[in-house]
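Undergrad: One structure, pasted below without further comment.
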């Protein structure tokens, strides 16, 4: 930090202490600004420069402290760098520099520019290492006296910066000799302040970049961090927040800002304040107290960053469960700041901005006027506080175009009626950086919102307090139940019942919480209630020829294929009419008995089935479209070639446009920053990737590398490369080979990326741990064969080595992700827990599905399955009943517009383990004996969420509650007894199948129930015909083809099995 703060090693911060060839002075900028300096000095010599004849500027040596000096500012403004331990003396005809040899070699280039710009000679005084510079100073003084005699002055008037205390031997000696010399001295601070007040376009751009960084650090780093701390009730100190924010400023990529880190610095250590202790001055510091975020608390955050030494500032106040006084005070403060910003217009006095702020406070909250800060900010630029542009009631300076202000205003020492000392006293602060332009005052820290809806947080703690007595009551009831157990009950039964009872109670509590959460989300128009914007594929407007002159010269009146312009030219009424190949839907040819060939071309016409609405049909609503055209030819060979060429060209264009459309929907990712010289990239070699790259040729393995902000996988082919940004990784998995043939790393992403020409959210890198071995000769080998034993040992060693290499890579990447800049991403490799796994069919084939700490995954078979547990609303276990070998799991997501996930054919032996896992992970599950029509259920919920909430939410799935209502009394030790339920009314029978919440299997089972020998004796053809009829009669048209096939197969199997396989039926759920 020391180097960055004083800039001794940073050219961007204006230091020239390195070798001269490392830096170069911008001579054009030097010329322009030297002219401005002399012009301002001559025009305002008496008013602002103290009638000085000579300007003497002495820059002190570097320091570890953050400080703002006008001498350093002049160095950077004029020369582009700060020159420590350098003395500059400006006279009418000469400029003298006293510095070391290295600095002189860099400054030599300005001699000609200075002569051309203002007609002065530049004189260099080289100070040797062991020389104190006294003789060189005397030479400068002699030059001043000589110039004074030429001007007819007896005692020259030398201007210097009176407020800067000399530091170091050189400057102390200079100050002493200057005072003892025969000179009159005057302060030139005012002149320098006014010189720096109006910025040129380069300076304004530097301030805008600095402000952009400051605002994004607040938006992307500070706000998410505070929300995470408060939401998870973490204990974190103000100083630790300060350190983390400072690192985010110095590494702009953490905030998603693409600025070079070497050009960045802080204006001051970030300030975090809470807990009743507030200091609104920029010199305030973050203490080591813990962040306080209880009800009615206030958190103040102030951040300042510099770009190329130009400053910016932003401050925000965050309200936690604000009371009326805090909300009102903040609204008034926000209005007052906006009034002050609006008053900073060219031609107005600076004091008008402060008066505008006071007027707002006096009108809206006169009792708060005494608590308003005495100023509303200052000018800002190379100095954090430009003293001549303080926004207070006394400053009569005129606002000019190009001035930049830090508008900082607040209320301090406000009191609330509470006994808690932590929130009894509070302050509010708002600060923004603004640029004065001709049209308006531009707010350059706009990226960070200060609207009260974005800074006020409300946490409802009353619900948590209400849950405590309920939990206590439930515990009492549990104890009561245990107390009533019979003494003859076995100890093992007591333990088993107790465990099941605890799970039942926990599920009941989860049901209550889930219904409340769903009700809040539906009432608030959350993901469950809002419409999910469907991705619309925008068709690009394809043009074959821009004008008639681009058409190829006609040859014969024959069909021509223009490969270059992707057009087909058809002879129509003696003219060649072009059609873009994308407008052709199909092309075919046929030959009749007379050996006459016909070619038939059908075009895409808007409004016909399977044709999307074309953009041209909207642009030209009255257009007439050609639907079909046929041509006759006596040359079958020519017809065949034309058809083949059209099909080939159309296939090529469609593939290209499809890939372009896929890429158009991708979210723009940040650019990968290679490790370079920062650190050696973490590397894992000889990996295969899924999905594989397209194209022909032998597939080759590649290397996965972890760089600064992402991974890169590449092979020896130039076009086979994939970049995965850390910020785009949603879940990362490491699955070593145990019962599988591969060890893998799997990344599930937030947004799609392209792997070759495939769009995917899942990218996997793997190694096969066992080689495919084919034994020559058909004989069996003995288990004690030495070659066999040695081969098995080699395979074990290979598997262990691969697992170890992967584990080492994962550990190192986890350490990289543990650095503070990645804390907001919450990344860590997750390892699936095999002991909790179960078999099931999530897609088309059976797979081994394994839970992890955050997901439910299947990473071996494709397509991959990755379900985030936090996105699950409920889980419904279907076809659960006595005698069933398998059951299904339906996962309902919090986004009700998202299709449910069905995992079929899970062995019933896994039921208890799945229930225990779901209960442990706080996921509410229900059981049903039938497969439900979830599309209709979710549509009903989203169409009328209030009815869903009023009728008990998800409790309609609770079999135990339904059974207890349907039976007057039932002993607790009896199992489930199926009973027939009569239809409630005729209207229920008349309801359409699509409106039923139960799939049509129930009706199919009713058809399969009669126990007759004729049923058993039906042929396969008859059974298949009946199944098809049943599908047509009862099938839901909205279901997919896979669903219909699956139901057909189930109905077919149940018809053959007869009544013994039928499950107990329940009334239809409505």
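Note that Cβ sites are derived from N, Cα and C of the backbone, with glycine treated the same way.
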Undergrad: Under TrEMBL, the annotation region 'Disordered' belongs to which of these stretches: 414-437, 486-509, 510-533?
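TA: Per TrEMBL, the stretch marked region 'Disordered' is 510-533.
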Undergrad: Which is it, of 460-480, 544-564, 565-585, 586-606, that TrEMBL names as region 'Disordered'?
TA: 460-480
Undergrad: Give the residue counts of the domain 'Histone chaperone RTT106/FACT complex subunit SPT16-like middle' (838-928) per reduced DSSP state, in the order helix, strand, coil.
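TA: Computed counts for the domain 'Histone chaperone RTT106/FACT complex subunit SPT16-like middle' (838-928) are 16 helix, 42 strand, 33 coil.
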Undergrad: Mind tallying the compositional bias 'Basic and acidic residues' (510-520) by DSSP state, helix then strand then coil?
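TA: Residue counts in helix, strand and coil order: 11 helix, 0 strand, 0 coil.
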